[in-house]
Ligand SMILES: Nc1nc2c(ncn2[C@@H]2O[C@H](COP(=O)(O)OP(=O)(O)OP(=O)(O)O)[C@@H](O)[C@H]2O)c(=O)[nH]1
């Protein structure tokens, strides 16, 4: 008799993925500089990682402005995650509205417009800045708001890879009466994510360039989580021999055979297989999952451990300052060598 399948109880991972290119440092600077001309901030987060997609640096930069938090991509998250999150926010951050949306359905997007219109009651022309981590769907939301609000087409470029918007974009009108303008901004990563598995979650959900996180490690993490959730659909989908498995190589081999991912010489292409699996996950083909723990106890811990949060924030700020300095030096060197070239 075969013994029942036992999923892994832990995922061992100790690499910290840092990704903070120059355009993000600059983006954060410009966000801060333009704050005075902004009435409301819409901070977009990824509903699949409601805690890991919080960028503590925004607290410092935009903390003094009225803010609305939008958990986007809710179509890909566990629908039952909404109630405990709303409950926690109502206790720890009662003055900040929290909405759950999916930029490709109208209901949630309309709720953002309605909420923003309430602010516009007090201000004749409302300017809203949309901020958030990379790839959470800021530009897609702006396009949907514009389509619903003024019936116009795409104004902000979107894409499946993070880092599509690279600069703060001028105002985009999304409503006529009351008049509401939006400003799109580049996705800004946390310069230093202290918990390795958290950075992996951000990568799995598309917030970090795939090659930096390693596609095969991301698939291994997803396999671990799917097994934990008791979802073994991958077995039939990719014809994994022997049923549910903790062996990522066996899964990748099965995927590669199923999709015909073969390199020159006939070997199976595990990278192509991993990319395929990631794409399927991001399209929601394996179901709706929230990767952060949103149990009431975990949320209580998260919100009340503000001392650790502050500590992480200062580590992150230090890293940000260091990277910004390096970027400034690089820009100075480039300017200098340009001048030298022109002189020569
Ligand atoms: N399933 C789903 N996909 C979404 C949703 N919103 C955006 N997307 C997809 O997510 C990807 C990223 O969307 P963008 O709007 O470019 O994200 P962004 O936050 O502007 O990205 P950056 O340029 O990195 O700042 C695109 O492939 C979108 O089609 C959503 O609500 N649900």
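Backbone N, Cα and C atoms are what each Cβ position is placed from, and that goes for glycine too.
All annotation found in TrEMBL is predicted automatically rather than curated by experts.
Record features (TrEMBL):
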| type | residues | note |
| --- | --- | --- |
| DOMAIN | 25-191 | domain 'CP-type G' |
| BINDING | 72, 73, 74, 75, 135, 136, 137, 138, 139, 140, 187 | GTP binding site |
| REGION | 313-344 | region 'Disordered' |
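Everything TrEMBL records as a feature, shown here on the structure.
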{"residue": "72", "record": "GTP binding site", "contacts (Cβ under 8 Å, 6+ apart)": "44, 45, 46, 47, 101, 102, 103, 136, 137, 140, 141"}
{"residue": "74", "record": "GTP binding site", "contacts (Cβ under 8 Å, 6+ apart)": "47, 82, 100, 101, 102, 108"}
{"residue": "135", "record": "GTP binding site", "contacts (Cβ under 8 Å, 6+ apart)": "46, 160, 161, 162, 163, 164, 187, 205, 206, 207"}
{"residue": "139", "record": "GTP binding site", "contacts (Cβ under 8 Å, 6+ apart)": "156, 157, 158, 164, 165, 184"}
For this session: For residue 187 (GTP binding site), list the number of other Cβ atoms lying within 10 Å of its Cβ atom.
Result: 24
Problem set entry | Averaged pLDDT, computed only over the residues in the domain 'CP-type G' (25-191) | 91
Problem set entry | Cα-Cα distance, maximum over 72, 73, 74, 75, 135, 136, 137, 138, 139, 140, 187, record's GTP binders, Å | 21
Problem set entry | In sequence order, those binding-site residues of 74, 135, 139 whose CB lies under 6 Å from ligand 1 | 135, 139
Exercise. If you run the three-state DSSP split on residue 74 (GTP binding site), which class comes out?
Worked result: helix
